[in-house]
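Peer 1: Grabbed the feature section from TrEMBL, which reads as follows:
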- 90-788: domain 'Myosin motor' (DOMAIN)
- 185, 186, 187, 188, 189, 190, 191, 192: ATP binding site (BINDING)
- 668-690: region 'Actin-binding' (REGION)
- 890-997: coiled coil (COILED)
- 1121-1138: compositional bias 'Basic and acidic residues' (COMPBIAS)
- 1121-1146: region 'Disordered' (REGION)
- 1259-1517: domain 'Dilute' (DOMAIN)
């Protein structure tokens, strides 16, 4: 494998030529420096060759011409152009994992990730943050939740993010270690914004970590809620305040922080269960007060602006010098409002806020004071007393304008005991004026910080753990660098030193843990440069000495530096004069201009102006300067300053004032001490371009910042050791193909040793630790090249055999095709010959058939002619016969007419006979009408008696139930009842006599009857006469009082039967008055005789159904009915015999509606094992009495609820399936008990009983976690509802039954609401939650498709990409669960509508959760994942099809389309159209989110930047599409249908598992 080592030629000593020849081959890529791009990429056009001892390689840089490179006298590999890493490392998330770890590799790694939209990149322990200069969707609460609990070095790490650094700090702080985060970078790099994100994360991490992750996937809207306490709000509110007063617009940044700050966030004790921010402390460094920005000039209300004298920003000198008072995309009104809200949050009153703004306005007015040269005095200046800016500024500050003008334009000199005033020039006066504004602004800023710290202390204390966030200026290098840049770079030197030591310490600890042989790593230390600045004779000390001299100058300061440090290696003397000097920093050499160094270091104003401010009448200004009431001496400029007395020596007092440089040095030393006591985390912010353009990359600018921020220094430290560290499992799984297969079964460590020692011969290039293999820089790329060579060889071998197989298959197909063609041709020739023979035979046959047809035609013609002659002769004879017949018949008709005319003369005699018969009929009809009226009166009297009888029975029953009626009263009532019965019998006898008279009249012929022939020959009339819809013939109607009226003198057979109520058949719909129906139901059955031509026919009345009433159930009446039992049987036998002899022309009506069907079913006691209520009279009086007593017991409801609800267990199907009796017996028992309450008239008890059972059923379902038990009770409740519905239908047929119907409707409503609003939603929620927990492993992580598995230990991919952990067969688990749910619903006879609703909702849950899971998993999606998801969905769809759940498949369409677009081509922009055609159900935002999660390490189907940019182009930022799905609200499902149960199954005896008192079973007889 590869080229053998070549001898080292002369001139190339120290270089491994053999390795160079292997690495620098045709197609190899290397980097070359470029002034504009930083580093450019070139590709070798040919292999490297050795010519005359020189190594020659030809490269092409981009599209430029070829460039030849000649390398001679190489001392090491570092003299060769740096090689490019393998392609899969182009966008590596951690730059320390690069194979070639050098400057261009780091530079290009950041560049490639930034071009792909990834602004964060790890470089070892450092997070590099690129400023995108546009809003990016990376800081939502959803993203925060992803990083909660995550770790950088887990198998599937999340992408680099600032939240990852914050999470590491938070978790380490919970373990009891104080943390610090150092955020640095140049102006405009995004330091302040990064600090905000860290503080926001720390403020919300505890609350967000408590949100259920499954709930977030099912309902993404819960992820957007904010969770912060009042203290956390106050901490975050400090940011806009400090930004408002400490930031400024510069040429490099619109919101540049002109100070450094270190924020300590104190946290509560983790053992309390809730970790929250208890307080904070802010410390600031080096406020650059020469810059001033002010918002109220445009944002303040008009009244306040007028009061403060504010105008447009262009009118103020301090604001208009940069000519940029307006910032694009920034609303001053909103910013000012946010500042006010932040001040209020920190407890500052509105009056205090306006005092602050009043000071700021005063400074603006002082800046507008015009100072001019004096015309009267030489070298003097003056200020007009009428200057409006002077008046307004002094008014707002509360100082004397004259004194202020005096000491701005003059200075006082003290010589001995004398004081002398001296005029100063215009320039000096302007400096004095500006010094006042700088001091006031500095004091105001310090007062704000002090007030903020006082408010943020809250519950914090020094014993609590904290996380410190340092937001400090990065290394600065401008054309002109002043005192501020010197201090900033000094701070960065200190931070870089600490950073290098920290990186070195971490690197060495890793070597010690793995127990490898190592030597001390040497790295460049910047301590000499720090000593140059801060040593006893350093720059700061010399600057302080010069500042303490009364007439100290910048030139003298630089002259001292040149004399002392002329031989220092980090100091360079300026080329011209004594104004410049150069310091060689770790990043770059910086030349400083000393102008203003001494004045800025003094940081003070004259004592006279201090006295003017001390005498101010503005109380807030005095508070800012720390002056107590009545103290008007002088203003203190710092905490350690004590105002000198008037008579003190000026030089002595000046020496006591600390300089700005010394204060900055002391605060920086304290900061370094704090950082050393904590665990440090580093964030380096990079500004990609000067134009602030979105996602534009300026190579030279970025490269200079990488050098300045120290990232490249850490690379050098890593390169000094072993930068590439891979675990044995990862290394062996990636490079096992480099050794024969015989070694593949070795232990991982032994296999790695075999691989490395086989490929590398230089033992200094590798080390073997306990769990990892350590490699020098570039070795991973070397192994990748060898692996690629091996892979190419295997690919060629596979291609060769594949081509051989294809060609052989092609030959075999050609051979087979040849044989087929031959067989086809031979068959064609044979068929051709056969067809010719058949054609010849057809011609012979046709000739014979033609001859036969001709012969037959001749015979046919002959027969037709002969027939024609015969028919003509027949017609002539027939005509003659008809003429003779007509003559004979006409003669006979004329004779008949004459005889009929003679008979017509006798009509008058017939009419007289008819009149006599008609008079007789009218007389009989009048007699019959009188008898009918008399019968009607008797019927009304019977109805009255019956009503009295019913009322007495009601009273008797009520008295008996309450046990309050005495036996004497019962006897009296019984006697009265017997009298009423006797009266009833008398009336019935009279009615019988009336019927007998009518029958006798018919027998005597007084009432004419239709003959049998007339009835038989007129079926239409018979049907109309006996029609159930009328019951009365056309000749008979009823008047308004119910009396019969006769409209014709004849009465038909049906009229006679209708006159007697017992003759009304069952099922007829004649609507008689209520009194008649009662009479007919109380009379015994009497036969009615009728005669016809064939003899007398006996008719029997069919008994009608009596309305049931518990008030008729008295003991005496029951005993009387028992005595007459035999008589009733005999009568029923006679009745049946009479019904059999009835005329067949009287049909019995059949029920046609549901109510009629229920009525017919109720009347048939044999249609069920336990017949429903059909009569008001119980068969057993003792059973009725026992039921009334037992149902009234107080403990009855408890017995039923305990035995049939609370203690009931769901039956389990064993060998044979469950029957309805095993499952639905509780519903039958409960319905039977309700029926008993209803029959007994105990409506109040029924209402209480229904409420008790509904409560216990609901409680049992809500408290149970057993799905089978919940389904069991839903089925029983629905079955009980159907039984109650059937009861309701039966009750509607009864009269005066409104109270019963109202109670039944109330029970129906209770049961229906309990099913639809409590039981079914509870069942669906339980099943849906568990289904959601199975969905991700089943659909997204399950890997059952052969050849498409994603190995979690796939070596280098586990380091650079995101791979899932091995999981069990989640799809099988999900299908098993769904199958169990389906079987449970079917086993317990759940309604079909409920079954469909539950299964569809579970499938919908699978679709929603799996789709949202694809949206939130970073670097999770790839080609193989898409194939696996499609396969899993196919398996689930087949399962649904087998169960008949085709309607639920639409809920999986979005997941299927999302998986499908992961498997198509993603290389060119034209592929985007195919994506949107396939995923037509997804909106552009969802597609963009899916591809944002697509793994960039997927080599099976890589996604190019061009393709992704085309996808993002289709997303409209203005349209807020809903990206995640939600389970709320549910689709509309039909409610459970109600089907009245008419035929009841046999549910008795109860199952053996039910144990009830024996006394209870007596209720069922």
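Cβ from N, Cα, C; glycine included.
Predicted automatically and left uncurated, TrEMBL annotations should be read as such.
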Peer 1: Is the region 'Actin-binding' (668-690) packed against any residues at least 6 beyond its ends, judged by a Cβ distance under 8 Å, and which are they?
Peer 2: 110, 114, 125-133, 162, 165, 168-169, 172, 177-191, 194, 252, 262, 283, 285, 468, 470, 474, 490-491, 494-495, 498-499, 502, 696-698, 701-702, 705-706, 709-711
Peer 1: Around the Cβ of residue 186 (ATP binding site), how many other Cβ atoms lie within 10 Å? Please give the count over every shown protein chain.
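Peer 2: By my count, 23.
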Peer 1: Can you count helix, strand and coil residues in the region 'Actin-binding' (668-690) using DSSP?
Peer 2: 9 helix, 8 strand, 6 coil
Peer 1: Mean pLDDT over the domain 'Myosin motor' (90-788): what is the value?
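Peer 2: Averaging the confidence scores along the domain 'Myosin motor' (90-788) gives 82.
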Peer 1: Can you tell which of 185, 188 has the most other C-beta atoms within 10 Å, given these are the binding-site residues?
Peer 2: 185
Peer 1: How many neighbouring Cβ atoms, not counting its own, are there within 10 Å of the Cβ of residue 192 (ATP binding site)?
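Peer 2: So the number of other Cβ atoms within 10 Å of residue 192 (ATP binding site) is 21.
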Peer 1: Counting other CB atoms within 10 A of each CB, which of the binding-site residues 187, 189, 190 comes out lowest?
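Peer 2: 187, out of the binding-site residues 187, 189, 190, has the fewest neighbouring Cβ atoms within 10 Å.
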Peer 1: Looking only at Cβ atoms, how many others are within 10 Å of the one on residue 191 (ATP binding site)?
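Peer 2: By my count, 27.
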